[in-house]
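To keep things clear, I will list the structure first and then write my remarks on it.
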Amino acid sequence: MFNLLKQVGDYAKGTFQAAKYIGQGLAVTFDHMSRRPVTVQYPYEKLIPSERYRGRIHFEFDKCIACEVCVRVCPINLPVVDWVFDKQSKKKKLDHYSIDFGVCIFCGNCVEYCPTNCLSMTEEYELAAYDRHELNYDNVALSRLPYKVTQDPAVTPLREFAYLPAGVVDPHDLPAGSQRAGRHPQDLVAELKAQPATSPSGPETPEAPNNKE
Ligand code: SF4
Ligand code: SF4
């Protein structure tokens with residue numbers, strides 16, 4: 001008799017626990033049902049990458065002086081600079097340039113230190129390939145103009161969270177001309193420059209970063 005009562009008690013306890021967990025799961029479901037959708041219907045819709053997004057590197061062959069600074073500052077000595085010495089001009093002449101994006105960590109050091117600014121980071125992030133050797137871009141592939149989400153007629157560009165007005169999480173159906181929450185870097189730089197250089201109550205205003213964009 002005592003065993004039977006214990007079994008019934010355990011069964012009831014298990015039933016209550018199961019009902020409690022189902023209730024907790026449904027509470028999460030109902031909570032999400034009242035939220036606005038933030039799904040991006042990729043590849044028909046794409047988020048606009050951030051202004052300083054570090055994507056595929058763009059290379060301008062004619063500007064390169066084959067100095068190999070990009071190789072020395074690269075943490076893995078990745079760029080391959082193939083040059084020959086031109087006896088007539090007594091200068092290095094670039095023959096071939098390549099970067100393997102299967103190995104690159106997109107740190108941007110090469111772009112930062114290149115003395116002729118022939119390297120730049122683009123917002124292109126779709127680099128998937130079936131063969132990893134296809135990710136080794138030569139100077140022709142690197143010279144291809146960067147892909148822009150906002151210029152693709154087959155894609156609906158959506159604003160990222162940083163570009164949405166304050167409190168808005170859904171980038172769909174935004175009214176035209178709606179203001180973004182964050183300010184543009186160039187606006188912040190202009191504001192810093194407009195401030196007086198010294199303040200009577202505090203230290204000097206910090207120098208605004210050099211905005212190349
Ligand atoms: S640092 Fe710039 S100029 Fe020098 S080899 Fe690299 S890409 Fe060319
Ligand atoms: S982005 Fe970084 S890892 Fe990639 S090539 Fe440039 S320096 Fe090397």
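Placed from the backbone N, Cα and C atoms, the Cβ positions cover glycine too.
Bear in mind that the values here come from a model prediction, so they are computed numbers and not experimental data.
Counting Cβ atoms from all protein chains shown, CYS64 ([4Fe-4S] cluster 1 binding site) has 19 others lying within 10 Å of its own Cβ. The [4Fe-4S] cluster 1 binding site annotation in TrEMBL covers CYS64, CYS67, CYS70, CYS114.
Annotation comment: TrEMBL describes CYS74, CYS104, CYS107, CYS110 as [4Fe-4S] cluster 2 binding site. Within 10 Å of the C-beta of CYS107 ([4Fe-4S] cluster 2 binding site) we count 14 further C-beta atoms, all protein chains included.
Residues annotated as domain '4Fe-4S ferredoxin-type' in TrEMBL: 55-84 (among others). The residues of the domain '4Fe-4S ferredoxin-type' (55-84), classed with DSSP into helix (H, G, I), strand (E, B) and coil, number 8 helix, 8 strand, 14 coil.
According to DSSP, the secondary structure content of the domain '4Fe-4S ferredoxin-type' (95-124) in residues is 5 helix, 9 strand, 16 coil. Residues annotated as domain '4Fe-4S ferredoxin-type' in TrEMBL: 95-124 (among others).
What TrEMBL records for 174-213 is region 'Disordered'.
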For the binding-site residues CYS67, CYS70, the one whose C-beta sees the most other C-beta atoms within 10 angstroms: CYS70
In the chain carrying CYS114 ([4Fe-4S] cluster 1 binding site), residues 6 or more apart in sequence that have Cβ under 8 angstroms from it: VAL69, CYS70
The one of CYS74, CYS104, CYS110 whose CB sees the fewest other CB atoms within 10 Å, among these binding-site residues: CYS74
Binding-site residues near ligand 1 among CYS67, CYS74, CYS104, CYS107 (Cβ under 6 Å): CYS67
